[in-house]
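S.K.: If you look up TrEMBL, you'll see B:19-79 marked as domain 'RNA polymerase sigma-70 region 2'. Residues annotated as domain 'RNA polymerase sigma factor 70 region 4 type 2' in TrEMBL: B:109-161.
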Amino acid sequence: MSEAELRESLRAAVVDEPPLNFDADALIQRAKMVRKRRRALVAVAVATVALTASVLSLPGALSSSRGGGQVDALVPVLTTTTPTPVAEAKVEDRAEYLAAYLEERFEQVVPDVAEVRAEFTDTRLKKAAGYVTGFVYFVDREGSSGISVQLSRPPMLVTRDEFCAGVKCDAPRYQEDGSYLEFATSSVSGHDMITYSVAHFRADGSVVQVSGYNYDPAKGGKIRDEVPISVDQMVSLATDPNLAAD
Amino acid sequence: MREADEQAFRDFAVRQAAALRRTAFLFCGDWHTAEDLMQASLLKLYQAWDRVEWRDNPTAYARKVLLRTWLDEKRRPWRRVEQRDGEVPDVADSSADPELTGEKLWARDLVHAALLRVPPRQRAALVLRYFEDLAVSEVAVAMGCTEGTVKSQTARGLAALRVAVEELEEGAVVAS
């Protein structure tokens, strides 16, 4: 069989093609639904990982603090304060404000990005001891990626020891206002996926964590050589006083 | 996704759906599966539409996604046990050319049946080279391999196709 005969046969094989009823709008609706489900899954996964890390590292936090047994002023995690239920309207307003603010702020701190979009979820509606977590989606020269932002306050507070448990932590940075910055790198064993996190342990007891990824945590895709935003940019976001749970 | 991007994707999908389904049919040999593969590929393409690097040539990316989707589908256990006999689907042949002789129809079905006996990656190389009429370099992009691999896969695919055609012809003679 010659190449010409093969060409002819392949063309002939699709001659009796059945009619195509293709609805592009229906396909786009399905694609949007898939995207929405995937994002919800990512949000749940991030919250689960954060909660698991907190629970697993709690014994370490109770036994001793870092630095030769000295008591860390920021450690008092367990509080006897009764959690007060947060009003629904207030929480929703706060989540909307944070999303709008973070979109604007992110573009200022990280130039040369496009399609910036932020979402915040406030689980305090369901339980008083909830987290406020946010995610910023963006596209840069290498493609799409995102950062996650977690705002914590007592009683669900992440301590410095918990933050550094099971990950590689760099030297903490003491701030003039009495707060600390911690820097952690975590990776998945056997994979090239890296998460770089900066946490600001504020003097008022609240914590703001910002995490960047060398991949797109929402869609997966290719793994980059580096996390798309720099440490200084993450520090700028983590120390922003307007990013707070309340 | 911005409205303009969504409209661009919509236009692209409408324009390419039929062509993608035809290629998928030659990959899998079944119009229903071909339609599923086309839809699945366009869904994946929608998710990746905002990636800058593919905006210049979405057709090449769509072809690549289609091939990956089909190869992934073939690896699934419930597909592995499925037997394909390469039968022509039972549909109304409204667009059949009346001038085609019975001999030509037989030859066409024989080649298509033989194509389904060729290993998947070799089959993909044959379809992309001789049906899509792509250059070796373009096939290499779609298959995610080197041009040398495309050439060797095509040569092996042609040899396997010729063997399959001969076997089917012998079987047909014995049966008659």
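Quick reminder: no glycine exception, Cβ is built from N, Cα and C everywhere.
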S.K.: Using DSSP, break the domain 'RNA polymerase sigma factor 70 region 4 type 2' (B:109-161) down into helix, strand and coil residues and give each count.
M.R.: 42 helix, 0 strand, 11 coil
S.K.: As a quick check of your reading of DSSP, tell me how many residues in the domain 'RNA polymerase sigma-70 region 2' (B:19-79) are helical, how many are strand and how many are coil.
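M.R.: Taking each residue of the domain 'RNA polymerase sigma-70 region 2' (B:19-79) in turn, the totals are 51 helix, 0 strand, 10 coil.
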S.K.: Within the domain 'RNA polymerase sigma-70 region 2' (B:19-79) only, compute the mean pLDDT.
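M.R.: When the pLDDT values over the domain 'RNA polymerase sigma-70 region 2' (B:19-79) are averaged, the result is 83.
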